[in-house]
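Worksheet: one structure, shown below.
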Amino acid sequence: MTPSPIIAPSILAADFARLADEVRAIEGAADWVHVDVMDNHFVPNLTIGLPVVQSLRKATEIPFDVHLMITDPERWAPGYAEAGAYNVTFHAEACEDPVHLAKTLRAAGAKAGLAIDRDTPVEPYLELLPYVDTVLIMTIKAGFGGQKFMPEMLDKVRDVRRRISAKDLDVRLEVDGGIAAGTIEQAAEAGADAFVAGTAVYGAADPAEAIRKLRALAEGVS
Ligand code: DX5
Ligand code: ZN
C-alpha cells in the first residue's frame, strides 16, 4: 500500500528576502520544506547553501528536504545532515559511490535520497533502492523552477514504484518539477508518493490552501 502523500513546497519559488516568514506561512499544511541547493557547477544556477539552511532550521519545525544540485556531494552533503535536515538528496550523476554516501548521511542522522535528472535512465540505479530512503525523479531538467512538467518522465516513476513494491522497500518516491493541480494526479497514478511544488505553492495567493488542494488531488488517486 502506498503511504499517504507528502507535499514538499520548494522555497526556490519563495521570496528569498523573507524566507523565515515564507516557511512559517506553510506550517500546518506542508509535510516537508524542499530546499534547492544549486552550486552553479552541477546546474547553471546558484541558490542557497549551508549557512541559510542552518539559520532557517531554527525558524520552523517543518522537516527539511534538502535537494543538492551540486558537484562533489560527498564533501558537502553531510553538513546538511548535521544541520538537522530530515532528508538529504544528492544526484546520481554527481556521485561516484551513492551507497557509501547514503550510509554516511544515515550515520549523520538524516534520511538519504538519490535524485535522477531528466537525461539519466533509472535502470542502473534500481539495485541501489535498498540503500536509500528517498528516490527523487526529476520531471524537468534540474536547475530552474517554473518549467513545464514532462509526463514522459513518469515511466521512470513507474519503474521505481514497481521495484519498491516487488521488494517491499520502505522508500519514498518523490517527483520534482512542474508539479501543480493539473499534473499531480498523473504523477500519483504513476506511483509517486512525495511531491515537490514550487511555483504551484508560492505562486499562489494562499500557499497553505494551494498545498491542501494538491494533497486532496494526490489522495484522490488510489
Ligand atoms: C528545480 C528544483 C525544483 C523547483 C521546482 O531544479 O529542483 O525543486 O523548485 O519548481 P516548480 O515546482 O516551479 O517546477
Ligand atoms: Zn528540487
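Residue numbers in this text run from 1 along the chain shown.
Cβ coordinates are placed from backbone N, Cα and C, and glycine is handled just like the others.
Heads up, TrEMBL stuff is auto-annotated, nobody curated it.
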Of the candidates Ser10, Ser222, the one that TrEMBL places in the substrate site of His67, Gly143, Phe144, Gly145, Gly146, Asp176, Gly177, Gly178, Gly198, Thr199: Ser10
Alpha-carbon distance [His34 (divalent metal cation binding site); Thr199 (substrate binding site)] in Å: 12
Entries of Asp36, His67, Gly178 (recorded positions) sitting next to ligand 2, with Cβ under 6 Å as the cut-off: Asp36, His67
Minimum Cα separation from Asp36 (active site, proton acceptor), reported as the residue among recorded positions Ser10, His67, Gly143, Asp176, Gly178 that achieves it: His67
